[in-house]
Amino acid sequence: MEGGNSPNLQLQQLPLATAEVSVQPHTDSFSYKENLIGALLAIFGHLVISIALNLQKYSHIRLAGSKDSRAYFKTKTWWCGLFLLVLGELGVFSSYAFAPLSLIVPLSAVSVIASAIIGIIFIKEKWKPKDFLRRYVLSFVGCGLAIVGTYLLITFGPNSHEKMTGENITRHLVSWPFLLYMLVEIIIFCLLLYFYKEKNANYIVVILLLVALLGSMTVVTVKAVAGMIVVSIQGNLQLDYPIFYIMLVCMIATAIFQATFLAQASQLYDSSQIASIGYILSTTIAITAGATFYLDFTGEDVLHICMFALGCLIAFLGVFLITRNRKKSVPFEPYISMDAMPGMQNMHDKGIAVQPDLKASFSYGALENNDNMPEIYTPATLPIVQEQHGSKGVSAPPYRVLEHSKKE
């Protein structure tokens, strides 16, 4: 009896042992390897994207005075930047198929670090060492903090992995935590859109919250599409599932609307503010979406979650310091330079050149367009006869002379 039962016992225990062996490598070594592959692909992609954008910007700057508005199409620099941009986007896209969403999203700080370093290397002005350190000390500190935060994110990032099959994505899509999250996000998005469109609440936080809410759906769908493509390449075809095309359409639609709101924000606010506030809001909401849809932090201990949160905070602070030190754009001041006027000498006050100041309501010598001003402030329009230095048939347009009383 005992001898006959022992083979059965051995046969019953054999599948359990093999099952434990097959699961153990995936949860320990292979999953960390996937995290590392995904993180390296994301870092590589963001670095290449930053280089590509700077190359294209360099091409536009060089051809700024060209009469042909599309002359940059004929330059190798612009096309090289476009090729690198596509390559970087492919790297970031493929990184979502290997690592959890909550790990990949914060790594976009690498592009901010690369842009700061490239800006310092290719700076045009010549600075003394003392002035250079004082000018860029915040950038150096910010880069250091962002690098430390990135290291903590990679080291203590979530380690949950599952195959992006059509069944798994459908199960996550109809789960009650994600449905509840979607309901809350839709309500918040509609409220923000109402205040933005109807109440003219053009605050930077409102616009970038709209961008972040759309961006969270973009990264969720990007991970689903990229994961299903990788699984299909491995031999298990997933492209015949309807959920794949639903995610693909949602990815394209949310990306387009996200770019639209981002373009509107760039017209109203400085790029450094958009970069810092947008990175913080987008990363926070995207991590929340990933933790809700893909359950990224399931099974993680408290220490790893706290260290991951600390890495995010340090990266946020680093990006804020980097963007805070960027030079703000100076608005155009429509005055005639006294140096450019022929036969006119500069007026000096203790050796300092005097130029009109447009910060006040009216400035002496300023050529302002006062068509929309009230009648009480509208100056008289007087024709000014100019000497004709060029062709005799060309008549010079009259300028508006701003009259000031002694009380002003």
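Glycine is treated like the rest: Cβ placed from N, Cα and C.
Pulled from TrEMBL, these are the features on record:
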REGION    389-408  region 'Disordered'
TRANSMEM  36-56  transmembrane segment
TRANSMEM  77-97  transmembrane segment
TRANSMEM  103-123  transmembrane segment
TRANSMEM  135-154  transmembrane segment
TRANSMEM  174-196  transmembrane segment
TRANSMEM  203-231  transmembrane segment
TRANSMEM  243-262  transmembrane segment
TRANSMEM  274-295  transmembrane segment
TRANSMEM  301-322  transmembrane segment
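In this chain, the transmembrane segment (301-322) lies apart from the transmembrane segment (203-231): fewer than three C-beta pairs between them fall below 8 angstroms, excluding pairs fewer than 6 positions apart. For the transmembrane segment (135-154), the partner stretch with the highest count of Cβ pairs under 8 angstroms, out of 36-56, 174-196, 203-231, 274-295, is 36-56.
If you look at the transmembrane segment (203-231) against the transmembrane segment (77-97), you find at least three C-beta pairs under 8 angstroms, all six or more positions apart, and that counts as contact.
Among the listed stretches 77-97, 103-123, 174-196, 243-262, the one sharing the most Cβ pairs under 8 Å with the transmembrane segment (274-295) is 103-123. The transmembrane segment (36-56) makes contact with the transmembrane segment (103-123), as judged by at least three Cβ pairs under 8 Å among residues 6 or more apart in sequence. Counting same-chain residues at least six beyond the ends of the transmembrane segment (174-196), those with a Cβ under 8 angstroms from any Cβ of the stretch are 202, 206-207, 209-210, 213-214, 216-217, 288-289, 292-293.
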